[in-house]
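What TrEMBL says about this protein:
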TRANSMEM  A:43-66  transmembrane segment
DOMAIN    A:45-274  domain 'ABC transmembrane type-2'
TRANSMEM  A:78-107  transmembrane segment
TRANSMEM  A:128-150  transmembrane segment
TRANSMEM  A:162-185  transmembrane segment
TRANSMEM  A:192-211  transmembrane segment
TRANSMEM  A:247-271  transmembrane segment
Amino acid sequence: MSTDTVAPGLVVQAGAAAAGRPDVGRAFRALLWRDVFVTGRELVPFLLQVVLQPVFLLFVFGKVLVELGFATDQYADVLLPGVIALTAFLTALQNTAFPLVIDFSFTKEIEDRLLAPLPTALVAVEKVVFALLRALIAAAVMFPISWWVLGTLPVEWGDLPVLAAFLVLGSLVGAVMGMTLGTFVKPNRINIVFAVVLTPLLFTGSTQFPWQSLDTLRWFQVVCALNPLTYVSEALRAEMAPEVPHLPPWLCALALTGFLALFGVTSLIGFRRRALD
Amino acid sequence: MDAAVRVTDLVKRYPGRPVNAVDGISFTVERGEVFGLLGPNGAGKTTTIGVLTTRVLPTSGAASVAGVDVAADPVTARSRLSVVPQRPNLDRALTARQNLVFHAAYHGVGRAERNRRADALLEQLGLGGRGGDKVDDYSGGMAQRLLIARALMHAPQVVFLDEPSTGLDPQARLFVWDRIRELRAGGVTVVLTTHDMDEAAALADRVGIMDHGRLLALDTPAALTRSLPGSATLDIDLERAPEDTDEAVLDALAPLAERVEQVADSSGLRARLYLSGDAAALVGPVSEALGARGARLTGVRIGEPSLEDVFLNLTGRELR
């Protein structure tokens, strides 16, 4: 069988598609490269988009309130790990949720990628991996910014492996939660859902307070325990500010793994539902 | 050699719907053929194409494209087919040329080769020099051509076009038609859906007419129009003898055709004869019949049945 299937007028020939099975790994890398390529050109807008909110959080609560004497120096130690966790988690979540709603419901731009020669689930996985990359960049940028805003950075090189591990885990959970939202929520409801979901996530993630000190506010402690972000914040706090009360890292790892499994499954179901009829 | 497209007893029922969207259709498209799938909105065309392009999971039955079962091995099927959608779904974060190059990269085409193909296709589709533009700046016709170029980047064996010329101006439409003919000349199989009967008649080697999920007819456009009873027409203008009446003249013509109607919007007497056979062959007998009554034939117009007549005959006239 000839593989030169394009017409003489529309000459393209040569080599053409191989008759065997396509290279799935290559297709996956090409999808990822497309996303990295597009983001690379818009790095500054991307960073402004993701770090502005945490920078202001850090500045007002960690610097201004401390200067004014409404909070102690110690509060910055509580806040910084939480804000870094928040940055990674929400960046990942928003980077799967919003683009998927727009892609599936309006522009349909994702169709060309759904027709690429790789399993549909891998198109979803690529979105998660890309959201993870963006989240890690956003989190990494937060470190020098924190140093600049607060004047100190309670991190040593030795902390990096554990911090990185929890940032990866936390970002993955954020990405699959975002994909679940982006694929299950009706497009005309997305604004409401984000308002209803994002704000509580922001304030029940133990980013601005240590979870264990919520003993006196039991119901709120329970609510916070249901937010995966709590475990990212607590794990980072354990590493960056060990003197602040915190959950044991193994427990955080376990909880995050559980959330990852749960929302990993729902995100794939949701993605498949939107991608295939 | 395998057929380009083979559909066997294909059924698709969407959950919660009372009827099958596709209700047991079978057809085969040969390699190098242009196949047109016609039908009113909601007939099941898009669902059928959806199954063939791996985006819709069949409920039962089998479908294969370029020898690959689309349900069992969608990944390989995707490498051998491509889709030109009705609505542009170009990647708006990329330039026109990057749309082509990335598409080829998804399909594993090497860097040098995909750059070469992108330049060649941009040129051939009249977009040379516009490759660096954002696709947002493209007109509808340019976007359509870019979609065709993108579909050809991985050298597919079967190309599916959904309503390829809807919304295009006449120049763009003819341009797209020419490109489709070139594809066929190059041995690429083309499956197109349309409800533009002119398009189907102009392009398709064979046409399948669908409605309510079923395939109602499948043949060449010529054979389909020939098969339609009573759709060829012969319009005649005539001057009758003064002592004769219009009704009597029409009655005299009645045995020659299946039906005779007087056409109202005419100053003289004009009649339309509906028949199944060759309209031209009837001119002689009509003239003789009129001569016998002292009437004179002053004008003749032959109306051939069109694919549209076949379509309306099969699918009815109600709005969907």
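Glycine is no exception: its Cβ is also placed from the backbone N, Cα and C atoms.
TrEMBL entries are annotated by machine, without manual review.
Remember, predicted model here, so these are calculated numbers, not experimental data.
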Distant-in-sequence neighbours of the transmembrane segment (A:43-66), which means Cβ under 8 A and at least six residues beyond its ends: 72-73, 75-76, 79-80, 83-84, 86-87, 91, 134, 137-138, 141-142, 145-146, 149-150, 208
Selection from A:78-107, A:128-150, A:162-185, the stretch that has most Cβ pairs under 8 A to the transmembrane segment (A:192-211): A:78-107
Cβ contacts under 8 Å made by the transmembrane segment (A:162-185) with residues that lie 6+ beyond its boundaries: 84-85, 88-101, 104, 124, 127-128, 131-132, 135-136, 139, 155, 193-194, 197, 228-229, 231-232, 235-236, 239-240, 249, 252-253, 256-257, 259-260, 263-264, 266-267, 270-271, 273-274
Surrounding residues of the transmembrane segment (A:78-107) on its own chain - C-beta under 8 Å, 6+ positions past either end: 50-51, 54, 57-58, 61-62, 127-128, 130-132, 134-136, 138-139, 142-143, 146, 150, 154, 166-167, 170-179, 181-183, 185, 187, 190, 194, 198, 201-202, 205-210, 228-229, 232-233, 235-237, 239-241, 244, 267, 271, 274-275
